[in-house]
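Trainee: Relevant sequence annotations retrieved from TrEMBL are reproduced here:
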DOMAIN    A:29-228  domain 'ABC transmembrane type-1'
TRANSMEM  A:32-53  transmembrane segment
TRANSMEM  A:65-88  transmembrane segment
TRANSMEM  A:108-132  transmembrane segment
TRANSMEM  A:153-177  transmembrane segment
TRANSMEM  A:205-229  transmembrane segment
């Protein structure tokens, strides 16, 4: 096996025009990224609500949130995705039927976002809860004493200060979100991993395609790491660095 | 919390269909699945840790030509989805092997034709990648003065590693190791996608046999939570056995 023809055939396989699979892979990559962004955003929303509920909610709210975070964190993602994928689509349709609406076909895209978002939400709840607790309680009390309404307090005091503590955890969650999109391949959604497998089994070039997909995932993760490091530096602006004061 | 949990259990027991659980056929299948999940977890954790120690040491104290590849390996493992790694090894490597004559004709070939070696390999590399990073931190955390003192006393390098560096690093890494074991447990069902019959594959089979959708998945969730609980207990016990502060 010489280097020349092997490289040429690899480039042919990954070419952007139709006999090559490059364009198909990139479309699949963009779907993966969009699902990851959607799931991360939904997870953040659930996480903010969950963290506030766990810290300041009624005992029943706390119990329910406790069960949610414990169960999601103890059960494998693949199993959760399967349960939620079935449960979400069928129970939404049952609800719609019960209210006298038509049954809808839920796209794999929306289902993927909701399912991964629910998983992300449980982890985000814990990350944000810890971050909120790291805000000095005196500052919150001072803001309350000055008569700040709760929303303004959250927006002006809690959020900006907890951000620096939350960003490393959130960066981890984002990386998990990008990698968890691969699990949607198992329920049959055509994201990067499944499309890669289809390309590989059509051309029999298994190694080439899986390596190519690996490189794509790696690029996302390296870029994300750089961006999150910048974001953390930004969130920590004005803070005293350990060892400098 | 307890009241809500009890209500949930009562609801699960009464309003769902558990009749299939009575069938003898599924008992042995379920036990076999649990067994596969458990040995897979234990084997990959042990092998992964054995790999993680040199990976961590290379990054913490090795020369650059050892540290760089170790860093790159950890980055590769952590930057790509495990499912992709698993498929790369099973379909990719698995399709390359038959074309290499000395592998096809060796005694290992009957083993390499099965799915489980690829599952063990993928999970082991994954554990090594994540744990290698943790071990790097643990090795760096051992106070430098101790190493210098040992060197000054004329201890050989390997003895320094075995008697001073490694024990303290392991001690530091124990709490994270428990978490990593649970994470690995939660990664094991992926091996079902390459035809290894673990507890997840068993539940899928029951679902296909009986057309009962949620109940086998719920059983699965309970099994995973039970194993995760056992792991947590085991590590709590281990942490109490290992003396905490030496520095």
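The first residue you see is number 1, and the count goes up from there.
A Cβ is built for glycine as well, from the same backbone N, Cα and C atoms used for every other residue.
Please treat TrEMBL annotations as automatic predictions, because they have not gone through curation.
Set these features in their place in the structure for me.
Mentor: Proximity of distant same-chain residues to the transmembrane segment (A:108-132), defined by a Cβ-Cβ separation under 8 Å and at least 6 residues beyond the stretch ends, is recorded for 31, 34-36, 38-48, 50-52, 54-55, 65, 68-69, 72-73, 77, 80-81, 84-85, 88-89, 158, 162-163, 165-166, 169-170, 173, 176-177, 180-181, 184, 187-191.
Residues 36, 39-40, 43-44, 52, 116, 120, 123-124, 127-128, 130-132, 134-136, 139-140, 143-144, 221, 224-225, 228, 231-232, 235-236, 239 of the same chain, all 6+ positions outside the transmembrane segment (A:153-177), place their C-beta atoms under 8 angstroms from a C-beta of that stretch.
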Trainee: Would you mind listing the long-range same-chain contacts of the transmembrane segment (A:205-229), meaning Cβ under 8 Å and 6+ residues beyond its ends?
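Mentor: Same-chain residues near the transmembrane segment (A:205-229) but 6 or more away: 9-10, 13-14, 21, 25, 29, 33, 167-168, 170-171, 174-175, 178-179, 182, 192-193, 196-197, 199.
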